[in-house]
Amino acid sequence: MAPAMGNELQHRTVLLEEAVQALVTRADGVYVDGTFGRGGHSRLVLEKLGESGRLIAFDKDPLAIATAQQITDPRFGIVHESFASLRTAMAERGVGRVSGVLLDLGVSSPQVDDPERGFSFRADGPLDMRMDPTRGESAADWLARATVQELTEVIRDYGEERFAFQIAKALVARRAESDRLGPLVSTGELAQIVANVVKTREKGKDPATRTFQAIRIHINQELAELQVVLEAALSLLEQGGRLVVISFHSLEDRIVKRFMQAHASTPAVDRRLPIRAVDLPSPPLKIIGRVFASDAEVAANPRARSAVMRVAERIAP
């Protein structure tokens with residue numbers, strides 16, 4: 001197994017033991033780590049697997065892929081794609097069913113801590129925000145063309161920012177000055193534009209937090225891809241297989257919670273119809289529960305404070 005790299009030393013995997021314990025129910029199973037990151041969960045899963053077990057991991061980030069490629073364990077494979085391609089990737093590998101799917105959502109510490117990636121408002125850097133900088137539209141490119149309405153909707157819906165319209169107008173006004181000032185291409189300037197608009201302050205939170213989150217989610221299509229992978233995971237899980245999802249903000253957690261609840265409930269029917277409960281199809285999932293980081297983990301890793309892990313098990317064939 002590969003030694004830790006510098007970025008791995010900086011990255012503390014949240015809910016490491018709890019997630020792997022919930023995920024791995026059989027040592028000979030086929031498991032999916034939808035978000036390899038720097039490999040914390042994947043390495044522990046491999047420790048739990050027997051010789052016939054298998055782990056397939058996904059990540060968009062080229063740096064994560066480079067780390068994963070150092071793992072020479074024959075039971076391990078890495079896919080340089082979004083976890084939204086889960087169904088296709090499994091079909092290409094001849095995998096019909098899996099024993100568990102783990103998703104550790106959001107941005108990783110190495111991504112946030114590297115100003116060159118453009119995720120952070122705390123250090124100036126290029127306004128990129130792509131999980132995979134080699135594909136798709138950067139944040140700067142999108143901000144250079146988005147309308148006030150588009151900006152407002154993204155910042156409001158994905159950032160839950162009540163000053164979304166005012167921020168959108170300020171961004172478009174800044175764009176009108178591009179001939180004189182040049183294009184908006186730095187995280188520092190974006191953060192300052194937002195700070196000039198958001199006059200009220202949330203305790204312990206930078207005024208740019210919500211806007212940066214919103215733009216990042218939009219650029220990477222995070223919520224849409226989450227919906228896709230949840231459906232794919234449900235279709236691939238074998239009976240007794242586990243779906244384990246760690247989320248870090250309410251938008252993600254709400255999607256996961258509603259998905260699990262919807263598939264753990266018996267369909268509602270009109271009570272006036274002559275249908276017996278035993279005639280209704282069994283729900284495919286059973287909700288195992290949710291887990292929060294311990295006080296000790298939060299003290300050691302403040303990022304864990306907002307983490308919520310939800311676990312469900314496939315009970316119907």
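For all residues, glycine too, the Cβ spot is worked out from N, Cα and C.
Here Swiss-Prot has Gly39, Gly40, His41, Phe83, Asp104, Gln111 binding S-adenosyl-L-methionine, and the candidate from Asp59, Asp124, Asp141 in that same listed site is Asp59.
The record assigns Gly39, Gly40, His41, Asp59, Phe83, Asp104, Gln111 to the S-adenosyl-L-methionine site; their largest pairwise CA distance measures 18 Å.
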